[in-house]
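The feature coiled coil is assigned by TrEMBL to 1416-1447. Summarising the annotation, TrEMBL assigns domain 'Ion transport' to 1134-1362. Positions annotated as transmembrane segment by TrEMBL: 1123-1147, 1159-1176, 1196-1216, 1228-1249, 1261-1284, 1296-1315, 1327-1351.
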Amino acid sequence: MSNHVWLHPTDKNLLNSRADDYFRDVSYYLDLQTKLKSWNMTYDYLLYIQEGSIDLMKIVNFQRKAPANAITLIRGIPDLHKTFETSENLLDFNYINIQQDEEINSLQIRFKQARDLFPRQDEHNSDPILQCIVRVMLKIYNNQKEYIIYSVTRRKSGSVDLYSNMMFKHLKHSDSVLSFEQAVEIQENDKFKMSVIPIKIVERYAKLYQSFHMIMVGSQTTCLIAHQNFISAFDLIAWKWVNHIQFDSKIIQLFFQKVFDPNQQDVYIYKSCVLLESKKIYMDISRFFDREDIVTQVEELTFDLPFQYHKSIEVSDTTDQSDAYFLLHDGKSVVVILHEMQMIKYEFPQRDKKNQLELVQLQMSKQERNQGYKIVVSINHQFSVHLLLKRDKTYITKEFDINVANQQSIQMNDFHSAFTLNIENHIVLFNKQHALILDLKNRQANQAEDINCQGFILFSKFINYALCYESTISSSQGLKMIDAIVLSESNQIQMLLLKEEDIGAYSNIYFDSDISRICFMQSVNHIIILPYLHTNINKFMGMGDPKEYLFHKVKDHKMMALRQNGELVTWDICNGKYISSFLLPQNDYTKYQYYTMSMDRFILMSNDDITDCNDNWFFNGVQMATTFEEQIPVIQATPHKFKKFLLVDIEDSMNINVLLEFIFPLFSFQKMFINSSNDRMIIQLEFQRIFIYKRVDNLVYNIQGNTSWELIRQITDYPYFFDNPKTVGKLEPFTHDFQLFINYSKEQKQFLLKYTDTGEQHSVIPTDILTLMPFESSMELMNRFKWLDTERFMFTNIEGYEKIVSIKTQQVLAQNYRPLFNDISGKEWKEWPYYNLREDLKVDILSRLKRVYQAYKSLYYLHEVRDSQEFYRHLLSVDQQNYEYYEHSFTFLHWSLMDQMVKKTIKLKQIQPEMIEFMIYNILPGGNTILHKMFKSQNKIAKIFKICHEQNQIKYHIPFLQNFNGNSPIDLSIDIGQNDFKSIFSVLQYLGLYPIDHHSRAIKGSLYVMIEQELPEFLDYLDTRFQQTQAMQKFDKGQIETEIITSSFCMQEAQVQQKMLKDVSSEAKIRIELLDIPGAYHYLDPDFIKIFKALSQAESYKIFENKAIMYLIDFNFPVVRNFLLLLLIIPFTIFHVSFVVYMNVIYERRSESQFYENANYVLAIYHLIMCAYFLFNEMRQIYNIGLQYLYSVWNYIDLLTPAGVVVLHCFQFAEFKEMEVDQVLNRCVLAIVTFLMWLKFLSTLRIFKNTGYLIRMIVEVIYDMGIFLFVLLITVAAFGDSFLRISWGNEVENQFTPSFVYAILFAYSMILGGYDTEAFGDVAVPLVWVFWVLCTILDMIVMLNLLIAIISSTFDRVNQNQEQASYQEMASLISENHYLIPKRTRQKYAEQNVYLLVGYDLEKMKEFKDPIDQKFQDMRNEIQEIKKTLRDEITQQELRNQKAIEVQQVTEQNLNIKLGEIKLMMFSQLPQENVKIRMYAKELTKTTLYHLRAKYKNAKFRWTCYSGNFSGCLSGYTVNEYRYKKDDQVYHCQPCSFDLCDKCITKYSDVHQHPLELNTFAQLKVKARYSGWGCDGRYLVSCSLENKFHDDPFEYLYIDYEAKVIFCEICIKNHRT
């Protein structure tokens, strides 16, 4: 890995590792200017540029007239050039033509002018040339050489002239004088090459390269480059030119076609094809790779273009199984489609003779595209979208037209790319300069100027690549990405720079999904081929079909794969590049096939059967046993063959190792596993038969191979229910060496460990460590289980808490919370072996990055990896499911964006939140994340956290990790001396939302800084760190015995029950929580002293109100208190008592008698010994805590007290030696030492909770009095000095204060009431009284009362916070005296590197609420909330319904109007309709109210039906009632058989159209032959629309215009005659 610069940056945290270095490492730079030896053994170039100086020689004498005063001879090129200076001081370039004149036998010299001369544009005075520099560039292209001459001249005035290819270029510069001495050399770099500038200028106008692309031909990855008549093929694996294929016409375009692979069923392959200027199209040009002659007419797979080529497009997508279409058109209407090597012709409708046709593929994300491909068609700037699709045949069909309001203003054309993110909203089209945004929603076309996009590829909604030149809006060129979100929201194009590169003239960008690479031309001399930049998974270059390989292995960041022919191919995992291919001698495996994998080794099986083998060689008597003689054993009855097996391992890129070679039977269903030490083999057969064998060498029957196997036993107790069919190469229940296996006892409901060879029980795994949860299958549990070695296994519970367990001690050795455990692929462990083979994520980049995040955290905290090589083994790896892919823990895209954010070339607000989600999961070299990269900018980190969290909820889970050096982002910010701690720790408000072990270990080293700053955010954060797991939630009843114990979050329930709870049955409500501050509670933790030192120096008591801080102190103080009592307090108490007795009983009488003298000696020696003991402890304390010792006043007392006792006894022993000791000094020492002894005894009360706060109060009062006492001293000194001035004016005997010190003491005693007003002397006595009054008022009344107020304030503060003060005092004692605890005690008093487990008795807590009451209240609140929600919803629904009704009414009204208009139109075309009815005598005419209103000219005219005047038979006869009385009078109409009774005739006389004749019924029986009669007035009833006013203008009605009598349609229908 040493050749990968990006993995080895210079700084210790690897933060200066750059994405650009990674880009160069993973990319191929195909140099088109490099001189290479080609296939025909001649030197060949695609493009070769050579530049150099020329010899210059002045010609002094030249016998020829020339308008020049300076001549230069240019040598070194095939044709000699002469340059003259003209009268306008310009260079005139000439070729020298020298010919032999045979007649005169002399040389004829002629000059041929090389370029036209044009005069200067401005007025010119004589300005001779003083200096001239000429350079020549040799360009070789397609084996043709061309010399290009450049020149610079400096004239006398200082002006400069430039000549490009011997042509004068007018130059304007602002300086009046310009000299070569002013020139500054421009340094060349990767982005700037002076030598290629001329050819780049040429390229803008002359296309040197037509196209290029890559193709896989077998195992050969070839880059094809089309230039003029040639296609040059370059093998990227062998790194050589394969051939230069020449055609008989200029090449226009290379393109792909997709065809079926003839060697594999249902498999497509891609063929490279070419379009020539001669209209020829050759398919599959790989067939010409070996040709050395010019390719002319070829019959097979050749087409002729039926029209003059205008433009072409390739249609495909970025998926692995992309289709491939090639469309050509004539610019007017005709299109030819090439698909699967077939040609189809299609023609668009031609609108006019000047038809201008343009086609461009509409690129869409995979989610948007349903079927086929969409094409944007432009005909005379009229856009439409068509579908290109193949079913039975290939066809193009229009989907919809694009109509925009400002369509006439669109002037852009020559589009090369188009894409959409939502086809209902917008379509974006690019030409070489601008972009056209078609806003389909608002029907507007917007033009984005100077985008200069030369090529574009869309991969997904958020990922795309745009190859862009620099422009007026951007000074950078290279690979860019369009911000899709900004485009979709605001129809604006905003670009992010991915990689700045010098873009060549052939500026298209090409991609190949087969090799997951993109490529483009850099400048004029390189083609850059690089992996996809947006994904962390890419294919190994040149691997081809993985089926060609027998097996593979990853080792030392290399991926090695073995082909059947014995070829061992190696790739670099760090960049995906091919490294080498080595053909192993005598290792041809064509006779073998891959059988299975076993422990990362591979077992190969021979293709051919091994004959002459006997079953008895491989099966023992037990296996061959039968019940009776003629019975066939099951082994023989089961069909099987004998095969040769090889256990093979790859050692390095040039060697493989055949570990075992043996013959063994092969059954139809058989699995084979060999252990890590190669001495045990397990065979699994059908019917749940599993056998274990041991290796035996050199058996007689071993005909082939070096190993045989002997059966140990059949494993009848094998747990088949653990097996997962997806597990490959491993038997998860077994250790790697097959010594042990795990089983589950359903009776005991526990997991057991057993010896494999014997089946005996090894041990029982406690249920706290491994248990089968309800509704969990044993296979699901085993999916989360993994053996690390024979003594350790790891396991993850269903919450994601993983642990490493020792099977010897049955203890958890390490633990980790696996983040996003069930959030990436759901509960994948239900089906997939989590630690062996996880679910295939395909190209789900985000999920892959999340998995790497999980792996990194497990490596760091669970496996405690710190070696960078081991980290990189997992961060740079091979895909588990598809080994042709290599996978990194980052993507170049996101890494590049981070680098640009650090450089401030882009802003965070330019990056969309969706992109931020990807960026936060990138783990860069060194284990750095985006938070590490941004550590110097706390504002950006705060913004990132804000983006990833909304409303106190986690939107995007942010990894917060330590890098390889153990530094978190906070650590880095603190290390560089950033003092903006509020900004640094502002992220705590977001970190508090995360679960256990998300970040707590990463920030542990910064906890003491957070305590020092005493930020409110930190205290709020600590409150969030009390968390519960599901196991802790089970403990909800019981009695707490020990409030605080240590435990991992993988809690062992038996230990909690034993250590924390009383062994009694109780219904008391309790709660157990874990404090997520790992390890910091322990005396041996490196951060422990820093934390408690910060606590002891805290200025506010608020921090000691926090439960987390209180529990940290409560857990540790008892330990230090015990040793304080044992080692300091009790010894000093005894020492102090003895000292008091000594001083009051012995010392003063030591010379009175022998008894006292002896007692004096004994106690003095004892005191000296104790002093030495205490001084030794003080030295230990100084050694352990350093300068912190000086910060505590108690330490001075602790040090001075024994030292004073030593001095006291030294004076005493000096007296015994008859040395003179000053008694005053001696008595002073005695007094001071006694005072210190009592003070030190007072300090011992600090360790007790009830007195500690009082001692703290004394210290706080003295501290708070400090400034006040200084002010008081100044006032006392002022009065004292004033008194002294007056006192010295008296006679000596009358002076009331003799000196300055006494004057101050005089003033001090005065404020305490100790004054004598009679002793004020004789001088200025009134003034003395004035000062006396002022002193008593100011100092005695004012100052002393202020002092009392200060003391009271301090008292109130400390008294109110007495518990907090006690805790601070305890923290100080812990900080100062932790050294007293023996190392052995510190190691054993608590488990290290775990957590504090805290238990609460909820019923003793003030805020406790009974859970049942709380649930009832919650239910009540929830019901009220539901009722309120329902009421609101009903109200809203009513409003919505009302609005819908109103809308419906308006709609119906509009519809009725439209229908009415149609009705009127149809009615007006019909002839007039007249009808007669029984209810009215006259004829009625059909019309509408609309016509009536027009007729009567009354727009408000309404009508009612005339039938309202009828009310049936007035005699009361019913419809079915008939009369038979002979004398009934009947008014009768003979023609109509119409009858009315005598009452109805009075009202309905004008109803009938004929006159009615009066008859009796008797007459009618004769005249009309009636058998009975009924009055027809019965039918004259009003209709259902009676008395209703009709105002519908479109309703039909029937009217008598004369009488204005109107009937409705219902009446007409019922009574029509």
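Cβ coordinates are placed from backbone N, Cα and C, and glycine is handled just like the others.
With a cut-off of 8 Å between Cβ atoms, the residues of this chain six or more beyond the transmembrane segment (1159-1176) that come close are 1128, 1131-1132, 1135, 1138-1139, 1141-1142, 1146-1147, 1150, 1198-1199, 1201-1203, 1205-1206, 1209, 1212-1213. When averaged over the domain 'Ion transport' (1134-1362), pLDDT in the model lands at 82.
For the transmembrane segment (1327-1351), same-chain residues at least 6 beyond its ends with a Cβ under 8 Å from one of its own Cβ atoms are 1261, 1264-1265, 1268, 1271-1272, 1275-1276, 1279, 1282-1283, 1286, 1307, 1310-1313, 1315, 1317, 1320-1321. Across 1123-1147, 1196-1216, 1296-1315, the stretch most heavily in contact with the transmembrane segment (1228-1249), judged by Cβ pairs under 8 Å, is 1196-1216. Long-range contacts of the transmembrane segment (1123-1147) within the same chain: residues 1156, 1159-1160, 1163-1164, 1166-1167, 1170, 1173-1174, 1177, 1205, 1212, 1230, 1234, 1237-1238, 1240-1241, 1244, 1247, 1373, 1377, 1380-1382, 1385, each at least 6 residues beyond the stretch ends and with a Cβ under 8 Å from a Cβ of the stretch. Using a Cβ-Cβ cut-off under 8 Å and counting only residues 6 or more beyond its ends in the same chain, the coiled coil (1416-1447) has no close neighbours at all.
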